[in-house]
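Heads up: the structure comes next, in structure tokens.
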Amino acid sequence: MLTYLLKRIGAGIILLVLVSTVTFALIYGSTGNVARNILGESASAADIAAKEHELGLDRSLPVQFADWAVHAVQGDLGNSWTRNQRVAPSLASRFPVTLSIVAISVVIMFFVAAVLGITAAVRRGIADQIIQVISVVGFAMPNFWLGLLLVLLFAVRLQWLPPTGYVSFATSPASWVASLVLPVGALVFSGIASASQQVRGAVIDALNKDYVRTLRARGVSPRSILYRHALRNALPATLTVLSVQFIALLGGAAIIEQVFAIPGLGSLTVDAALQGDVPVLMGVVVTLIITVVIMNILIDILNAWANPKVRLQ
Amino acid sequence: MSDEKLVDVRNVNIHFGPLHVLKDVSLDIRPGETVGLVGESGSGKTTIGRAILGICHVNSGQIDFEGKDIANVAPRERTGDAARIQAVFQDPYTSLNPSMTIEEILTEPMIARKIATAAEARDRVRDLLDQVNLPADAAHRYPREFSGGQRQRVAIARALALSPRLIVCDEPVSALDLSTQARVMDLFIEIQERTGVAYLFVSHDLAVVRHISHRVAVMRSGRIVEFGECDQVTARPEHPYTKRLLLAAPVADPVRQADRRRAFQELEAEA
Amino acid sequence: MTETTASIPAAGPQRSSLTGLVLRNPLGLLATALIIVVLLTAIFAPLIAPNDPAAVQIFKVNVAPGDGYLLGGDGSGRDIFSRLVWGARNTLIGAAIAVVVAALLGVTAGLFAGYFGKWYETASSWISDALMALPALIVLLALYQALGASIYLSMGIFGIMLSPGFYRLTRTLVKGVKNELYIDAARVSGLTDMRIIIRHILLVVRAPVVIQTSIVAGIAIVIQAGLEFLGLGDPSMPTWGGILQNGFQNMYNAPLGILWPGLAISITVASLVLLANAIRDAMQTGAAPSFRTPAIPAKYAAATPAPTPEEGVLLDIRDLVVAYPDGNGWREVVHGVTLQVRKGDVVGLVGESGSGKTQTAFAVLDLLSTGGKVLSGSITFDGEDLTKKSETEMRALRGRRIAYVPQEPMSNLDPSFRIGAQMVEPLMNVLGLSKAQAKARVLEMLARVGLPDPERTFNAYPHQVSGGMAQRVLIAGAVASSPDLLIADEPTTALDVTVQAEVLELLRELREEFHMTVVMVTHNFGVVADICDRVAVMKKGEIVEENAIGALFSNPQHPYTRMLLGSVLEDTEVRAYRAPAAKGNAA
């Protein structure tokens, strides 16, 4: 079990190193005239050279990367090229916003999908058809469009909720909740649709196993068969779905934050992408990969708990 | 009795990773002969067949076919009669591709071996179906339209398509019902007597093996523990394991089974 | 389970009929029609669009629909309808690029990894896992400067990130097929690996890949729109995402502006998903059980009165009819079986596959597979008609007075629980034992069935014990509550012959010790001769002969029984070897 975990952590670190190297090479390698972009068209050649030297762009790519990596390991992700800010602190202030949106979405998605999926698996019939419809609609409606429709309906027309903006939890818990309802709603809908389908399939599979008949023959109650045995065996498949959805939500949050003007990682990334703020982009990529790696390790641990074959290998 | 050997397996060893699956296995088959190979699950009996077919890597030893070593020669690289060695597998449900017609299944070996053009191969289909007592209109149907026994007949017809001198039969009747099993066994015997093909007949069932074999080999944990004339091995075995195997299989006669059971328990008590 | 599974071949319908099935499904037809409309729109955009999508008419900024602008004007005074029409073209090209890249990479890698395995599979699976760990949208944002404003290049990169979906699908399918015996047969026939992949494997992969393509095309359209919505597209090119972005900026002045592009995206993507679902459903036809229970025909309605209990008869089955829903009617698998089992007897229920022997046994346990129903007849157990009992009453009986030993030892143990835990639970439920009592009882039973180290088996997971041990565990679980009736469904069929002899011996001892009555379902007359007192021979859902063991073997009455006994391969003369006359090949 321990070696299994160490292996997973090792694989996560390799992934992190690999992705940051490739990303660095791609985005630094292609930033042709950053200095000119920053200084404006009127800047002299000497000024540009000076700026490039200041940013360290006059060095070779491997040297730049080594320099970046050495600092990054110590938690220093450099300075933003377009704002007068250090990258690490600005990530630190924005990341929790995004993470809370994504985490809340994952939790809601998990519970709603579990209830819907299990109901559909056990009852079939109507519940099943409802899930089928939701899953098609959820898949087909882009979450940013759904977000806009929600704003039009609940904020503009009904005026129940604020259309955009974000209030931190510390400022006012009630306003914080109000500011998250629409973005989270827009974000989870498609996730619920696909996850409930997968839960349904996994539970049906588990209920069709031979050992279910044997347990029933021993007088074990349908409750225990569903909640103790079938769900436990459906868990690995469900966890895989969760991990895929978590990654998808991280991306989806970037667009949703733009729709609702939420100061999270997503809006920072979009701005940095449009302006070519390379250190910020590198910081975002590294932060998100670490998040995904941690999430996947947590899921692996849960998976090992549910599946003795994994745990005891 | 002829001393000519069609197949001569000598000191074959096979490893699957850390597992030593075949340990110094030697075995021979004469032309037109059936050698039965019995053993329990995991004994390695299937692996010998696969090694002869060239679809399993041999770590050491020799497999001579008509005097030429064919160990580790893939089927498509074989020439002459070695290229005609065929197989009939256990499960008639997965040994035929569900999305191909019977005709496509039967012509495939002939076309792959380039012994017939597509048109000639199609002409032979009716004859092949006839040899296994299937109606000619079976050619344009799909495997799912047939019962287990009929599918196994199709598999036998496919094996006959290349006019082989050896067919490796891997548990070919163990997935079939009792009455079907008897008819398919009779078909195997009839084909052998008509064509002179030799069989390596792998099975876990001593009674089945006794029914068709001339000689029988008994395997346990990768070794052949006994190899000899069919009647001797299946009725008066010498090796204790063969005895155990024989006495463990229940006979369809309550009186004789009671005796056999007693004998099995005595054997167990000795051990 | 032999009867229910073995007789249904696992085969999908043919390609020609697959297309037909999709089009006969109303949703499939609708989806196909919509996709064709979108495709035609994209191809003939210049002919369909009434206005130049880039033409600005300043007095038509955010204008309402009508007046030459079918769906109104956007924030710059351009015709939304014309822009949507051209957007269809640009959006579909982008999606097509992503899909083609993803499918080519994923399917090729999946075919090779699945077929050849080894290092190739390790490496490509690692790459696939790594790609899947990346949030695609963020990566595309990060690479925006490197890729430039061309959305097509971004979609190419996105295609790479989508390829793991195809890769995993293909690899799983190929690995499933690779070990099928027909692949071995093809190799033996001398086909090269390349021809095997093309002839046998691509065939299997084709339909699932089409489904995946449809889904991935949907994802690509949504992500592309997302990128453009964020302003990362080429502003000079009308796209659905770009139109939506423009609508978003003018949302408060012209809310309708966000409706049209969103609808275009959603309807297109929904059509793709519906098409995928229709193909999937078409592939599963025949296998899909109907959940509507058909009406029970009147002929079954006449309630058979349960027989008056007879002294010494534990189980009395009368005119039992078991059926499964089949379209709008019922398909009978047991037609009117009558069988009496006397206390203390071991009764064999013998027959070939499809004879209904297992279904009869499951009916007694009230454990028929989904949909199965006792349509008429009675099953009287110790004076009570089981067919009239509720599920709760049956549950109280099962595991206490009636027990079951299945055929496949491994698949009948829950892999997620320790062996002990799954044996203790029923004892606590059914017998009301405390946890400690139940554990003590389980350990005692594990020792009784001959497991050398009961404590260790108790704490083991099912995958840590052998098949023979697992079957002993299942027998221990069945017998632990000292049941009156044990129903054993081919309990030794999956075992090696030497293990079978030991397990039969164990059953014989337990039957004496616990005074059990046993119904033994089997196809093996040797097993019958070994352990049974009486035998019922079944054929096609009916009992053709029922007799005491001695009489059945010495003097079988029914021709079918005689035929079966005649098929037993025993005591045949051994064949004499003759070398073939000439060295001739088989005909």
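Any Cβ shown, glycine's included, is placed from N, Cα and C.
Features of the protein shown, as given by TrEMBL:
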- C:88-280: domain 'ABC transmembrane type-1' (DOMAIN)
- C:315-565: domain 'ABC transporter' (DOMAIN)
- C:27-49: transmembrane segment (TRANSMEM)
- C:92-114: transmembrane segment (TRANSMEM)
- C:126-144: transmembrane segment (TRANSMEM)
- C:150-169: transmembrane segment (TRANSMEM)
- C:203-227: transmembrane segment (TRANSMEM)
- C:258-279: transmembrane segment (TRANSMEM)
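Across C:27-49, C:126-144, C:150-169, the stretch most heavily in contact with the transmembrane segment (C:92-114), judged by Cβ pairs under 8 Å, is C:150-169.
Segment contact holds for the transmembrane segment (C:27-49) and the transmembrane segment (C:258-279), given three or more CB pairs below 8 angstroms at sequence separation of 6 or more. Counting Cβ pairs under 8 Å that are 6 or more residues apart, the transmembrane segment (C:150-169) and the transmembrane segment (C:126-144) reach 3 or more and are in contact. Over the domain 'ABC transporter' (C:315-565) the predicted model carries a mean pLDDT of 92.
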